[in-house]
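The feature domain 'Aminotransferase class V' is assigned by TrEMBL to A:28-316. The feature N6-(pyridoxal phosphate)lysine is assigned by TrEMBL to A:Lys187. For A:Arg329, the entry in TrEMBL reads substrate binding site.
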There are 2 protein chains.
Amino acid sequence: MINFTVGPVQSSQTVLNIGAEQVPYFRTNEFSEIMLENEALMKKFTNAKEDARVVFMTGSGTASMEASIVNFFDERDKILVINGGSFGQRFVDLCELYQLNYTQIKLEVGQALTSEQLAQYDNQGFTGFLVNIHETSTGVHYDIDIISEFCQKNNIFLVVDAISSFLADKIDISGSKIDVMITGSQKALACPPGVSVIVLSKKAVDRLEDYPSKCMYLNLKSALKNGERGQTPFTPAVGILRQIHARLKEIEANGGVDVEIARVKELAEDFRNKIKDLPFEITSESMSNAVTPLHPTTCSAYEIFLTLKDEYGIWVCPNGGELADKIMRVGHIGALSCKDNDILIAALKDLQSRGII
Amino acid sequence: MINFTVGPVQSSQTVLNIGAEQVPYFRTNEFSEIMLENEALMKKFTNAKEDARVVFMTGSGTASMEASIVNFFDERDKILVINGGSFGQRFVDLCELYQLNYTQIKLEVGQALTSEQLAQYDNQGFTGFLVNIHETSTGVHYDIDIISEFCQKNNIFLVVDAISSFLADKIDISGSKIDVMITGSQKALACPPGVSVIVLSKKAVDRLEDYPSKCMYLNLKSALKNGERGQTPFTPAVGILRQIHARLKEIEANGGVDVEIARVKELAEDFRNKIKDLPFEITSESMSNAVTPLHPTTCSAYEIFLTLKDEYGIWVCPNGGELADKIMRVGHIGALSCKDNDILIAALKDLQSRGII
C-alpha cells in the first residue's frame with residue numbers, strides 16, 4: 001500500500017528498524033539521555049527559547065489538546081476558539097466539558113481567517129486563544145501572523161494545535177509568541193501513532209503554578225518535573241519515543257527543519273500541479289503543505305477512497321460525517337516521493353478512463 | 001541485553017516483525033476487524049461474559065486507572081482502597097484528586113490481605129472497591145477470592161487493576177464478579193508500552209449511563225460507542241494494537257491463556273528454586289507468577305541493578321523511593337526461558353564470587 005493519508009503516515013527505514021528492536025527498560029540514564037535530546041531537538045525545530053520546555057505525552061493529539069485546557073484555563077478565563085472543522089469543534093467541546101467561558105469564531109469549510117474577523121474581538125477581555133493552525137479536517141492553514149498580532153495586542157495566552165502542521169509548515173514559537181504548541185508522532189514526524197508532544201513557553205511553564213491540574217494523567221506539572229531528568233511520571237510509549245529520537249536526528253542530519261519543510265512543500269506543489277487536469281476542486285482558501293483537500297466534481301469522495309484502497313493499493317484520506325462524500329484529502333507528509341505522486345495521479349487517470357470519476 | 005524487568009518486557013519475534021512494518025491507515029474495515037478480534041480474545045482470556053466490553057486506551061496503565069475513577073465514581077460513592085505500595089497509593093491519589101469519599105487499608109511492604117481485615121468494613125455502606133490485584137511495586141498478589149466474597153456480600157462495585165497480573169495469574173471476571181479489569185500492553189502481554197486495556201462487565205457498561213465522564217480523553221462511553229464498529233474516538237497506537245492482536249492470536253494458537261499462565265508459573269518457580277542459595281530474601285507473603293521481589297541481605301539492591309546492567313547486560317527491575325536500596329524485582333513475564341534464568345543466576349553467583357553481594 002502507498003499511504004497518502006494524514007496519519008499514520010509512512011516512516012523511514014531508520015524508524016522502522018527501531019520498531020523491530022526489543023523495547024529497552026527505561027528507568028535508566030540511557031533512556032533519559034534520549035528524552036533530553038528529544039526535548040532539545042523539539043525546541044530547536046520550533047525555534048523555542050532556551051527556557052521553553054517539552055512534554056511527551058503517551059496518547060493521541062486529543063490528549064494533548066485536553067492537557068492544554070485542563071492545565072491552563074479555568075473559570076477566571078475568557079477564551080476565543082477558531083472553529084473551522086472537526087478539530088476546532090473538539091476545542092469547543094473541551095471548553096463545554098470544563099464549563100469554560102468561551103466564544104467561537106465559526107468558519108465555513110475551506111474558509112480562511114482574516115484580521116478583520118479577529119478585530120471584532122479586540123479589547124473584550126479575552127485571556128485565551130485556541131486554534132488548530134492547520135484545521136486538518138478541511139485542510140485550512142490559518143495565518144499565524146494575524147493571530148499572533150491579535151494575541152499580543154490583547155495580551156492573550158496562545159495555544160496552537162500544530163499537530164499536522166509541524167515539520168510541514170514553518171512554526172516559530174519565539175517569533176509568533178506562541179505559549180503552547182502541540183504536535184503528534186504520526187503526522188510529519190512520521191513515526192507510529194501513540195505519542196503527542198507539547199512545547200511550552202516559559203510563560204506557559206510559569207502559568208502551571210496558578211492552575212492546579214484537574215487530571216492526573218494529563219498533569220503537565222508532574223510531567224515537567226519528571227522531564228527535568230529525562231523521565232516521565234508513568235510508563236511511556238518507549239518504543240515510539242526512541243523512533244521519534246531517530247527521526248529528529250535524521251532531520252537534523254539532513255539539514256534541519258527548513259530542509260524538511262521544503263521537501264514537504266515540493267511534494268505538495270508537485271501534486272497540486274499534477275492534479276490540475278483531473279475533475280477535482282481544491283476546497284481550501286489557504287493550504288498547509290501537509291495536505292491537499294479535494295472535492296471530486298463527478299462522484300463521491302468516499303467511493304474514490306474505497307476504490308483506491310481496494311483496487312489500487314493506495315490510501316488517500318477520507319473525511320467523516322457530512323463531508324464524507326464531498327471531500328477527500330491527499331497528504332504530503334511521511335516518507336513519500338514525487339514518484340508516489342505519479343502513481344496516485346496514474347490511478348486517478350485510470351479511474352477517469354474507466355468512467356468512475 | 002536480557003530483560004527481567006516488569007515492563008517493557010521482551011516481545012516474541014512475531015510481535016517484533018509487526019514493529020518493523022509500516023503502520024496502516026486505520027479508519028478501515030480491515031483495522032476494525034483486528035480490533036473486534038482483540039476485544040473477543042480479551043474477553044475469552046479473562047472469562048468475561050458475552051455482554052462484557054473492552055476498551056483499548058492509548059496511554060499507560062495509569063490512564064486506565066484514572067478512567068476507572070472518572071467514569072464510575074463521584075460524590076455519591078464511598079470507596080475502599082487497598083494500599084500496599086506505590087500503585088495502591090496511586091488509587092488513593094486519584095481519589096484525593098477527584099475529592100471522593102474513600103477509606104484506605106494500608107498494608108506494609110510485602111504484607112498480604114486477610115479476610116479478617118476486610119470483615120471490619122462489612123455493612124458500612126461502601127459502594128466501590130479499588131485494588132491492584134498484584135501490587136507490582138512490592139510483588140504482593142492479593143487473594144481475589146476474599147475480595148470478591150467481600151464485594152458480593154456488600155454489593156460493592158469492584159475495580160481490579162491486573163496490569164502486571166493478567167496472563168501471569170488466573171483472572172476470572174465472571175467467576176470473581178469483577179466489574180472493571182485493567183491491564184497494559186507491556187506486561188505479560190509482552191508488546192511495546194503505549195496501550196492499556198479495560199474490560200467492563202455489563203454492570204460497568206450500564207453504570208456509565210449514570211456517571212457522566214469528567215474527561216474527554218478518558219471517556220469510556222464514547223470509546224465503547226466507537227468500539228461497536230471496531231474503532232476508537234481518537235487516533236490510537238495502531239501499531240501496538242496490531243502487535244497485541246498478533247500476541248493474543250499467538251497465545252490462542254499455543255493452547256490458550258491457561259498454557260501461557262503455566263509457562264510463566266514454571267519460569268517463576270524455576271527462578272525461585274535457583275535463587276535459594278544466594279543472599280536474598282523474598283519479601284512478599286503472597287507472590288504473583290509475574291515477579292519475584294528480592295531483598296539483598298549483603299548490599300544495596302540499586303547497586304546490583306546498576307552492576308547487572310552495566311557489566312552483565314542484564315536488566316532486573318529496580319525500585320524507586322524508599323525501597324530503592326532494599327528491594328529489587330525479577331520479572332518472569334515476556335519472552336524469557338529457564339536458560340535466561342540460568343544466565344541471571346550465573347551473573348549473581350559471579351557477583352558473589354567477586355565479593356559484591
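Any Cβ shown, glycine's included, is placed from N, Cα and C.
Taking only the Cα positions, the spacing between A:Lys187 (N6-(pyridoxal phosphate)lysine) and the residue listed as 'substrate binding site' is 14 angstrom. Compared over the recorded positions A:Lys187, A:Arg329, the count of CB atoms lying within 10 A of a residue's CB peaks at A:Lys187. Along the domain 'Aminotransferase class V' (A:28-316), the predicted structure has mean pLDDT 98. The secondary structure of A:Lys187 (N6-(pyridoxal phosphate)lysine), as reduced to three states from DSSP, is coil rather than helix or strand.
In the three-state DSSP assignment, the secondary structure recorded for A:Arg329 (substrate binding site) is strand.
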